Amino acid sequence: MEADAGRGLGGQKTMDGRESEANGLDKKASIPSCCLKANASDPELGAKCHSTVVSGWFSQTRSPTEKSGNVTYYNNPMWPGEAHSLKMEKLLFQEKSEYQEVLVFESSSYGKVLVLDGIVQLTQKDECAYQEMIAHLPLCSIKTPKNVLVVGGGDGGVLREIARHNSVELIDICEIDKMVIDVSKKFFPELAIGFDDPRVQLHVGDAVEFLRNSPDGKYDAIIVDSSDPVGPAQELVERPFFETLATALRPGGVLCNMAESMWLHTHLIQDMLSVCCETFKGSVHYAWASVPTYPSGVIGFLLCSTEGGPPVDFQNPINPIEQLERAVQHRRELRFYNSEMHRAAFALPSYLRREVPCLQNLQPAERPAHA
């Protein structure tokens, strides 16, 4: 999939309509349209920093190096035709792990930025929205969660948020790429503090294999903070993986899975909801939050519960964060999540309900009488 998506943009024109060679550029290293404006000022500057940087601007494009040494620019197949750009002040880290390229840079407006394989994973400014919502939407929907599993989440931000819950006794995390963990500890200590909690048990390896070896019904909650479903991560949005997750949850246990953008991936949301409705048998819902540096500026969350336990009303938090002593006294105040944001996350646009048939049977969140 990725190889097919990596075809170059040969013959691309600059803003004034001339072929790139007319401006003295190497046609074999065509610059994507999202970078042309920056390129016009100084075409050599960015190449000295990183292949996705042009004149000090990072653009969210994949840029593998061919055997010939040429760099091919193209959009990620998950969001073709667009790329988010951030002004880079300083390149802090760049290295290729066994699994992916890891990049960290200081931006002018969002603080430090973590990039994996050319895709922005988090920024210091808006990481709170994603980390807080993906953790507290499920954990505030059940009483006294004790055993929690995080799939992915190597930056530590989800761990930081789970640690606010007094009732939690065990936090397993399975992250395949140790470099992500090490980089986060060095450059994002405000996220990596999650690893310092004594309840955290770190497992470096493949999550699918880890789950297969886990006892059935071990977890009260599982949070899947995975990469976008491209290449090897594709299996993390397919039926066998969801069946494995359901088996690892206790009756009435809950799952929160990153579920892409409602503006760009309605087909994927429909497929995931359809599989989960058949697999989990309890409650299944879709929620979303605003994250400015993610494609289209939003990210979705798939929330599911298994049958056999107390019914789960995801739309109204039964375990409000405001009543948790550890959450209130945490050294880092909540910046995004609260009970009002929790309820609001389930309010869905009309077009989304029309385009995703599985959502048509889900009722809008009802405000409790005391709210």
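Quick reminder: no glycine exception, Cβ is built from N, Cα and C everywhere.
Bear in mind that the values here come from a model prediction, so they are computed numbers and not experimental data.
These come from TrEMBL:
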| type | residues | note |
| --- | --- | --- |
| REGION | 1-25 | region 'Disordered' |
| COMPBIAS | 15-25 | compositional bias 'Basic and acidic residues' |
| DOMAIN | 55-306 | domain 'PABS' |
| ACT_SITE | ASP225 | active site, proton acceptor |
Same-chain residues at least 6 apart in sequence with Cβ under 8 Å of the Cβ of ASP225 (active site, proton acceptor), in sequence order, are ILE134, VAL150, VAL151, GLY152, GLY153, VAL158, MET258
Averaging pLDDT over all residues of the domain 'PABS' (55-306) gives 90
